[in-house]
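Since the structure comes first, as structure tokens, the remarks are kept for the end.
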Amino acid sequence: MSLEQTQIAPETVKEWNVEYERKTPQEILQFAFSKFERIAFACSFGAEDVALVDMIVKIKPDAQIFYLDTDVLFPETYDVIQKIVDRYHPNLIQYRPALTLEEQAAQFGDELWAKDPNACCNIRKVEPLTKALSNLDAWITGIRREQAPTRANAGVIEIDAKFGLIKFNPLALWTNDDVWAYIKEHQVPYNVLHDQGYPSIGCKHCTRAVKPGEDPRAGRWSGFAKTECGLHK
């Protein structure tokens, strides 16, 4: 689906962003679901995303939620996925890479993530995401402006030029404290790695705990000039 096919002018999206800039995440979500039938939430099961699951199922219980199972997630991530399923019974869809880890190793060599993380992310994340978004007009993410310099200008509603969709970022203006206050208030299940120095959690081979004072995403692809997997930039 292309932006042209949604028949929504870029100027309209800019107006929406201005109008909803200071609205609550719930108001942004309600607007998103009122405007688009073919919309889904891309969930990584990080702190922001479990908070959004809690909001979304209360607003639209049958909303489509999908996640990318790269086959190399932390055991703790699989644990929180099961807790979310047990708690909320969401309309959850799993997308996996076209290549198994064995097939990837046979084609590109062992431990591609250590040699060429961009190529590994493309195979195990970007390609499955592209498939997940192929039949949508809009998608919802948990990105926040303060997470990284690459996200500092994220709008609450914006055009995703990479995928040709409308992108909703309901938590764009939230702080880390806002996220955790919501999780605690609503007793939302979360990944226990967050309590062990992992503010941002990706695949187990490419994520480490961060040290005091480090950027929250410093633990992602440590040792490489890389802070994004290609899903948002």
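Every residue gets a Cβ built from N, Cα and C, even glycine.
Per TrEMBL, the features are:
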{"type": "ACT_SITE", "residues": "CYS229", "note": "active site, nucleophile"}
{"type": "BINDING", "residues": "CYS120, CYS121, CYS203, CYS206", "note": "[4Fe-4S] cluster binding site"}
{"type": "DOMAIN", "residues": "39-209", "note": "domain 'Phosphoadenosine phosphosulphate reductase'"}
Task: Per DSSP, three-state class assigned to CYS121 ([4Fe-4S] cluster binding site) - done: helix
Task: Packing count at CYS203 ([4Fe-4S] cluster binding site) (other Cβ atoms within 10 Å of its Cβ) - done: 22
Task: All-chain count of other Cβ atoms within 10 Å of CYS120 ([4Fe-4S] cluster binding site) - done: 24
- [ ] Let me know the DSSP-derived helix, strand or coil state of CYS206 ([4Fe-4S] cluster binding site), please.
- [x] helix
Open item on the list: Counting across all protein chains present, how many other Cβ atoms fall within 10 Å of the Cβ of CYS206 ([4Fe-4S] cluster binding site)?
Closed with: 21
